[in-house]
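Participant: What follows is a structure written as structure tokens; I'll ask about it next.
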Amino acid sequence: MVKSAASQSPSPVTITVTPCKGSGDRSLGLTSPIPRASVITNQNSPLSSRATRRTSISSGNRRSNGDEGRYCSMSVEDLTAETTNSECVLSYTVHIPPTPDHQTVFASQESEEDEMLKGNSNQKSFLSGTIFTGGFKSVTRGHVIDCSMDRADPEKKSGQICWLKGCDEKVVHGRCECGFRICRDCYFDCITSGGGNCPGCKEPYRDINDDPETEEEDEEDEAKPLPQMGESKLDKRLSVVKSFKAQNQAGDFDHTRWLFETKGTYGYGNAVWPKDGYGIGSGGGGNGYETPPEFGERSKRPLTRKVSVSAAIISPYRLLIALRLVALGLFLTWRVRHPNREAMWLWGMSTTCELWFALSWLLDQLPKLCPVNRLTDLGVLKERFESPNLRNPKGRSDLPGIDVFVSTADPEKEPPLVTANTILSILAVDYPVEKLACYLSDDGGALLTFEALAQTASFASTWVPFCRKHNIEPRNPEAYFGQKRNFLKNKVRLDFVRERRRVKREYDEFKVRINSLPEAIRRRSDAYNVHEELRAKKKQMEMMMGNNPQETVIVPKATWMSDGSHWPGTWSSGETDNSRGDHAGIIQAMLAPPNAEPVYGAEADAENLIDTTDVDIRLPMLVYVSREKRPGYDHNKKAGAMNALVRTSAIMSNGPFILNLDCDHYIYNSMALREGMCFMLDRGGDRICYVQFPQRFEGIDPNDRYANHNTVFFDVSMRALDGLQGPMYVGTGCIFRRTALYGFSPPRATEHHGWLGRRKVKISLRRPKAMMKKDDEVSLPINGEYNEEENDDGDIESLLLPKRFGNSNSFVASIPVAEYQGRLIQDLQGKGKNSRPAGSLAVPREPLDAATVAEAISVISCFYEDKTEWGKRVGWIYGSVTEDVVTGYRMHNRGWRSIYCVTKRDAFRGTAPINLTDRLHQVLRWATGSVEIFFSRNNAIFATRRMKFLQRVAYFNVGMYPFTSLFLIVYCILPAISLFSGQFIVQSLDITFLIYLLSITLTLCMLSLLEIKWSGITLHEWWRNEQFWVIGGTSAHPAAVLQGLLKVIAGVDISFTLTSKSSAPEDGDDEFADLYVVKWSFLMVPPLTIMMVNMIAIAVGLARTLYSPFPQWSKLVGGVFFSFWVLCHLYPFAKGLMGRRGRVPTIVFVWSGLLSIIVSLLWVYINPPSGKQDYMQFQFP
């Protein structure tokens, strides 16, 4: 259909000329069934492949009888058949001229653009009100409900009503370039009686639709890719002067360097820069015609900088490591050559333990030789990707999309309010709204989580604009309103206090609604179940014709949604097909994808709590996902849930980058995503597989009794690994490159050959190899290679795709799109390299339709991963309870690099278990995963040559550190054995032994001080880490070794309970109440035994020495010193057993004292000291 830009369309009439069958054109719900137009003109671009792979749901699939409690079957096969068999009509529009019986109404008929927007709006409302379910042996169904929780009218929320006071008519479209919204009647009033001036800018109206340049400007807004500068033809009418600098010849067109030639001196407007440079910079180099100033120099600056640790700190640090290594070698040599002949067994055990400790220290210390710091420049990021340029005249965001994954499994242990606050912080993050999508994985399939997310989506319409308007930090409402500081600091808007009070009141009501959901769901389900039971009994009585029924009616105790239909997920009664491990897959788009253009709100009124007239009120897409679970299928815990999210997001939004967060880790710094993208989009960023942020925790007791902050690991070890090949993946707070998760290799890698990998060989991994071994990693093909490569390599690669990724064609088609969108722009990579043109992502996202969601249902089915490589080489890796470490190891093993991003303001914050038992179980799970890694093919011993040597040492230490606990337990008991037996690990305290011991201790202390210096941690944090290393090494780590050996040898499966997340304390409650709760566990037995044995041994040793006529004080001092060293490390454990301060059970001290006295007297009686006297004799009566 051809449309003129200047013609009016008051009454178009569509005339059907010829019907045709099987054309395959797709209906958009408009008057003319034209095929969808794509804004991408490059047919070879992967961005055009997604438009051809989608199918849509016809409007006839949705029932029009208003029966919302019914299921409407919409299988993928039906959708495909319906789409391909749809009729295509050739139509054109006849414009009827105005007549007396047909008056022209200027704005009564909506334009085609408005019709399309209306269709998209209806599609969004349909998607956000429909639950899609499906799975094994069941068709995909769309259950239409109202899940908006009384959400406000989007037209009124978005300000689509007249802005003149007293008028609430709908705005047809803007009549003035200032953007002032006005309805048809008010517009006519302004034209007739208002002098024809706009009420907003007071300028005369000009009909925008009559402007012949409007259509051309709309075409420019599409930001189409331009041809290369070498192929473009310059205007012959212009005389230009071209710079000969090599660095600008491959870049974008620069307006400041191609200007009209003139002889006048008008500042920077001249095309010819004089030789004297106008007196600027003429001192050196001879700035003449060839070196005009670099006006775009800021945009060419790097996004990141690597800052090495000062040489005044790192050089002595490395020297001390070498000195301590020499001292350890001399000490161990002396120990081996000078055995204790009087107690060889004691000498042998101690020497073996010391040798192992030396090896463990060396493996832990070597990866710390090259620590680095990194800085980002957000100003350059904004200028490069969000500023107007030739390919992006409107300055739309050219940043790639990010899909945020939030995982939860049990609403009882992970409170819905905590998850809701995390979701709110994500929705309010400072990142382009249209480029962001949030996915919540509910692995428990609980209705409580579903309805809590619906409530969160409703409250987000108030919270997110409030954060954007007043620049709120942090954007977690619970954390923000709970801050104990002056909230007026740096706030300049006059309405801030009033609006903060309103939002705070609304949030308190939101918390009440969330906390009352469990009881509301229970009461609702009980009422519906009673009603169903009565109906069943009534039906039975009617069938029995009034006779007494002999069989009891059994009605399943279902869980009911608010619209009176069964919840397709987990029921509280745990019925078949509706239990925690047996339920259908569920997808619900709570918030549909936003429009590409900003939508501004309205003034504060009864429905709008805050004034949002100048605030973008769009919200990112929010999706609820619960993968299908069936008996007989291994669901692989969290790793399986994350892989289901990877496939779902690839079909629905396909962001080239993925952020993974736990449900209790919220975004504390709204700029965190931008800082992470600086590394991904900078030069060399195509080799980065993920950007890991440090974990920071809230709710920890001020003394950090159990080293919950873990700063030694996050600020020392991880920062040091950043100087090698990159930090490890720790399970949350990590931005991934999607193609790296798919198991592809980086575009370039370095292999390390020779002794300790000192000889480097750079290789290119872009092209796939025809001959690949079974265990070889997959190389990433160039765009279009799947379908257009004519050689055998491309055919082999295409045949392997279903085996690797599954049988979803939509998912496979999304892979090259994600790879293309994640590329670097040509300014950094160059024309001939694998890059994308600037502005290629500044285009609107394709609308989400129901057929796409139906396809997403199929990829979360329980059988989709069968006979594929998901969990083996693709996605999160299965087979270990610490799937995060294994996943990061696989990426580094392929040659990828990772980055550690430490921001000035913490990027993310979460919670950690402060209870002793919970903390020990958390450490037990980590250590068990390490043992599994040690006995698997993921052991760093079998790493490829693409992994650096020191990086391999770090990964090997991850798998080996739990075995240190066996030697640590023995070494902690040795002082007690020494005191009991009267012997020591050395025959005598020789001066050489003391010198070696002193040198080892001093070098360790100096190393610790230097680590504190370059990492920024405190001495208190370092000491707490040392204490908990002993506590964990004597409790959780040996249990992990035992469990790991049972799994490897006997095949015993290991299962762990989910770590409970504490919710926010109410007013008046003790924030650290859980710290003093004593929960008994078998893990407490070994350290408790060590403590009691050492205390008794000290008493026995003192008694023997005091009563001996020939006391050996040297052995006593050595034994007591080492026993005291053990007890000092176990002091936090003992304090945790005592409970709350001031409430220490007296019986503990009484029995401990009595037991120590009795054991001491019994030892003296059984083994009396030599030379005893009669008055020292003790006899039982």
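Glycine is no exception: its Cβ is also placed from the backbone N, Cα and C atoms.
Copied straight from Swiss-Prot:
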{"type": "COMPBIAS", "residues": "48-59", "note": "compositional bias 'Low complexity'"}
{"type": "COMPBIAS", "residues": "210-222", "note": "compositional bias 'Acidic residues'"}
{"type": "TRANSMEM", "residues": "312-332", "note": "transmembrane segment"}
{"type": "TRANSMEM", "residues": "343-363", "note": "transmembrane segment"}
{"type": "ACT_SITE", "residues": "Asp443", "note": "active site"}
{"type": "COILED", "residues": "497-542", "note": "coiled coil"}
{"type": "ACT_SITE", "residues": "Asp884", "note": "active site"}
{"type": "TRANSMEM", "residues": "966-986", "note": "transmembrane segment"}
{"type": "TRANSMEM", "residues": "991-1011", "note": "transmembrane segment"}
{"type": "TRANSMEM", "residues": "1038-1058", "note": "transmembrane segment"}
{"type": "TRANSMEM", "residues": "1082-1102", "note": "transmembrane segment"}
{"type": "TRANSMEM", "residues": "1116-1136", "note": "transmembrane segment"}
{"type": "TRANSMEM", "residues": "1146-1166", "note": "transmembrane segment"}
Participant: Under 8 Å Cβ to Cβ from Asp884 (active site), same chain, six or more residues apart: give me those in sequence order, or none if nothing qualifies.
Facilitator: Met728, Tyr729, Val730, Gly731, Trp876
Participant: Might you list, by sequence position, any residue in that chain lying six or more from Asp443 (active site) with a Cβ less than 8 Å away from its Cβ?
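Facilitator: Asp443 (active site) has long-range Cβ partners Ser407, Thr408, Ala409, Ser626, Arg627, His635, Lys637, Lys638, Ala641.
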Participant: In terms of Cβ proximity under 8 Å, which residues at least six beyond the ends of the transmembrane segment (1082-1102) contact it?
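Facilitator: Hits for the transmembrane segment (1082-1102): 916-917, 920-921, 924, 969, 972-973, 975-980, 982, 1031, 1034-1036, 1038-1039, 1116, 1119-1120, 1123-1124, 1126-1127, 1130, 1133-1134, 1137, 1152, 1155-1157, 1159-1160, 1163-1164.
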Participant: Compute the average pLDDT of the predicted model within the coiled coil (497-542).
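Facilitator: Average per-residue pLDDT within the coiled coil (497-542): 91.
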Participant: Mind checking which residues of the chain, 6+ beyond the ends of the transmembrane segment (312-332), have their Cβ under 8 Å from one of its Cβ atoms?
Facilitator: 351, 354-355, 358, 361-362, 365, 369, 371, 996-997, 999-1000, 1003-1004, 1006-1007, 1010-1011, 1013-1014
Participant: Under a three-state reduction of DSSP output, how is Asp884 (active site) classified: helix, strand, or coil?
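Facilitator: In three-state terms, Asp884 (active site) counts as helix.
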